[in-house]
Amino acid sequence: MSVSEDENQPLLTNGKYQVSKGTPNSKNINEPTSSFEQGMNHRENSCLILPCENQDAVKINLPSPEREEARLPSEICKTVIAFWFMFFNLVLNLTCLAIVHDRVPDRSKYPPLPDIFFGVFSSADWALDVSEIIIITSVWSSLLIIFFHRHRFIVLRRIFLIMGLLYFFRSITMFVTQVPVASITYYCSPKKNNTTPILIVKRVLHLLSGFGLSINGQHTFCGDYIYSGHTVILTMTYLVINEYTPRRCWILHWAFWCASVTGIFMVLLSRGHYTVDVVLAYFVTSRVFWIYHTLANNHFLKDNTHCIG
């Protein structure tokens with residue numbers, strides 16, 4: 001084949017590229033004396049060198065590779081806003097408890113409601129302390145793992161938002177319906193005939209000082225049954241660890257699952273909640289968590305080019 005014929009063949013049958021225009025003396029064609037020179041030219045010029053039949057080389061400049069994974073901004077300000085959203089609803093939850101404490105049915109007149117779990121297992125007061133020890137351990141372990149996560153602020157922002165919603169829902173269900181105290185041995189502070197705003201504030205601060213737990217003796221108010229706050233925390237810790245740790249950490253996932261199930265069982269064993277409180281807490285927590293993450297991982301919703309309406 002002549003040179004003029006070669007010039008009109010951009011892709012030869014043997015798989016080698018040829019210059020569509022120009023001559024061997026063109027400036028875009030190098031004449032390396034060895035394959036080593038070709039490799040050196042490739043490194044120095046960051047280009048692709050392809051040999052041709054006439055031992056010339058074609059230099060093709062390559063664009064820099066693009067990053068496929070989009071960078072996720074931390075947006076610490078949003079995380080702070082989400083934290084205050086959760087804290088506001090936590091205070092609202094404790095405020096509702098401080099109010100309904102005086103509206104709980106008298107334990108001497110209204111015995112605990114029939115519950116199938118109570119009929120099968122005997123009561124154990126020590127089980128509530130075990131449940132709260134598991135809660136404390138699970139929460140701090142989860143926070144430690146999240147601290148080493150690459151997108152820790154995004155994960156925390158999601159947790160704060162979900163917990164804020166759960167506290168808000170619990171405030172509503174707790175306030176609208178009061179059921180008899182499930183335990184006949186749990187200590188409840190004396191009721192007041194007149195519940196004043198100052199008394200409510202004092203009760204809220206008293207509960208906040210103990211982080212809403214009974215193990216430190218600060219949670220002595222009754223009426224926060226529907227739905228179980230202990231179950232919410234235990235379920236959330238497992239869901240967070242299962243979602244934001246690698247799948248190869250299956251031992252960690254099973255450990256948190258066992259801890260959550262054990263803690264929930266201990267809450268029921270201590271008569272800290274009715275079974276319906278636990279079922280509702282698990283259902284609401286898991287559905288809110290899964291719905292949120294389904295929406296958060298929807299690429300159509302992330303695309304700003306799509307508009308509603």
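Cβ atoms are placed via backbone N, Cα and C, with glycine included.
Bear in mind that TrEMBL entries carry predicted annotations, made automatically and left uncurated.
Given the structure is predicted, the values throughout are model-derived calculations rather than measurements.
Marked as compositional bias 'Polar residues' by TrEMBL: 10-38. Per TrEMBL, the feature domain 'Sphingomyelin synthase-like' maps to 222-294. Annotated region 'Disordered' per TrEMBL: 1-39, in sequence order. The feature transmembrane segment is assigned by TrEMBL to 81-100, 126-148, 160-187, 225-241, 250-268, 274-292.
Outside the transmembrane segment (126-148) by six or more residues, the chain places 155-156, 159, 213-215, 230, 233-234, 237-238, 240-241, 244-245, 256, 259-260, 262-264, 266-267, 269-270, 272 with a CB less than 8 A from a CB of the stretch. Assigned with DSSP, the residues of the domain 'Sphingomyelin synthase-like' (222-294) fall into helix, strand and coil as follows: 56 helix, 0 strand, 17 coil.
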